[in-house]
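Single-structure report; data block below.
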Amino acid sequence: MGCVASTGNYENEDDPFIQNKRANDLIEQNLQQERNKNKNEVKLLLLGAGESGKSTVLKQMKLLHQGGFTHRERMQYGQVIWADAIESMRTLILQAGKLGIELDSDLKNAHSGQLVNTELHQCKEKIFRANTLDQIDARMAGGSEFLNEYVLKYNGIGSKKKRQTTLGFKESNGADPEEEDETDAFLSEKLAGTSYTGSSETSELKRIDQSTNEEIAYAIKKLWTQDKGIRQCFNRSSEFQLEGSASYYFDNIEKFARVDYVCDDMDILKGRIKTTGITENSFKIGPSTFKVYDAGGQRSERRKWIHCFEGITAVVFVIAISEYDQMLFEDERVNRMHESIVLLDTLLNSRWFANTPFILFLNKVDIFQEKVKRSPIRTWFPNYPGKLGDSETGLKYFESLFLSLNRSNKPIYVHRTCATDTQSMRFVLGAVTDLVIQQNLKKSGIL
């Protein structure tokens with residue numbers, strides 16, 4: 001009997017109807033497995049213009065849900081911050097000349113013509129001569145590919161060429177790159193007290209300086225704490241491009257000077273490595289798996305992601321609310337806040353995100369609250385009704401402006417954030433987590 005039954009089953013397997021049924025059953029089984037998987041999988045798209053702080057939001061998620069950063073990552077950030085600190089001080093010295101700010105390190109006695117403070121002047125020269133590439137220890141940084149790419153911006157080419165390399169296209173503001181480089185060379189030599197020869201190759205400043213990290217750190221600290229012109233220039237940093245955490249670097253410069261220094265959490269939150277392309281990060285939060293896609297915010301990066309995402313649970317859009325008076329790194333003719341408004345308008349009303357809820361982070365609120373005391377919002381937004389120093393009215397004004405861009409019925413949730421503040425971000429990210437899990441359950445048909 002067993003043999004007969006076996007033969008019958010074998011013959012049935014050749015029946016096209018049975019084969020089709022089994023194929024359909026297998027497809028349905030796979031679909032059900034995918035549905036079960038998707039109901040616990042949350043996809044977040046992290047977007048925003050360049051310098052908005054979205055990568056800092058991602059760092060907070062790593063701290064809260066992934067156990068933080070590896071030893072290698074902490075070493076890498078130490079190298080990056082050290083290089084940025086040197087470049088930031090060099091930027092302040094150069095920009096002081098362009099803005100007509102007199103530095104204490106350049107003051108001379110009216111009668112003798114001698115420098116009033118020789119030590120300060122030597123500190124300034126030391127910063128100019130420091131070769132940033134020489135300050136990077138690839139071994140201590142782990143020799144990582146991302147770090148090697150990062151330090152390419154310190155290869156000595158002009159600022160215009162740096163931007164062109166970053167963006168992949170030339171700026172069309174009428175400026176001549178060679179002329180701009182000549183201007184920088186002139187300023188460099190003038191500030192250093194040497195005569196301008198017209199050739200940066202023979203410039204005194206092009207000598208490779210072999211100063212130790214401790215000597216360079218001392219020079220930075222001396223200029224930061226004792227040269228009033230440097231502070232005055234820093235207070236006008238919205239008029240040029242300066243690393244957002246420069247003051248933090250300067251205040252802590254001695255620890256970053258140590259080649260074996262291991263960055264703590266706050267150092268990493270303050271440090272910055274530009275996001276290029278799209279990175280995917282996974283976090284296990286309760287029964288759910290969060291997949292967070294962090295996309296580069298500079299203009300040249302956006303075409304890589306603006307149409308690439310389907311099935312996104314929610315979009316987290318980060319806006320640096322404090323940058324209402326600053327210009328883009330990649331195009332110094334365009335206001336950063338204006339750029340964020342245009343970008344948000346495009347995304348909110350894009351067919352790719354027609355039914356996707358948005359979560360807005362009004363980021364860098366702490367900086368905004370201080371900045372509005374000295375930089376009028378009305379200069380850039382003439383319709384702003386508030387007074388100088390009224391941060392609450394300013395926040396409400398921008399929040400209303402962003403919400404008015406929504407021409408659909410999609411939900412928008414707004415949070416005021418300081419992405420470097422772990423305690424406040426713990427609360428905000430907790431609320432966001434609960435929200436997107438609820439949205440995902442609705443999307444899966446469970447709620």
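Every residue, even glycine, has its Cβ placed from backbone N, Cα and C.
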Given ranges 15-20, 105-110, 153-158, 417-422, the stretch to which Swiss-Prot attaches the annotation region 'G5 motif': 417-422
Matching range for Swiss-Prot feature annotation, region 'G1 motif', among 43-56, 71-84, 183-196, 239-252: 43-56
Feature region 'G4 motif' in Swiss-Prot, mapped to one of the ranges 215-222, 255-262, 359-366: 359-366
Under 8 Å by Cβ from ALA419 (GTP binding site), same chain, sequence gap 6 or more: GLY53, THR56, VAL57, GLN60, LEU269, VAL318, PHE361, ASN363, LYS364, MET425
For GLY53 (GTP binding site), the three-state class that DSSP assigns: coil
Distal contacts, the region 'G5 motif' (417-422) - CB-CB under 8 A, six or more residues away: 53, 56-57, 60, 63-64, 265-266, 269-270, 318, 361-366, 428
Mean of the pLDDT scores, which run from 0 to 100, over the region 'G4 motif' (359-366): 96
Where ALA419 (GTP binding site) falls in three-state DSSP terms: coil
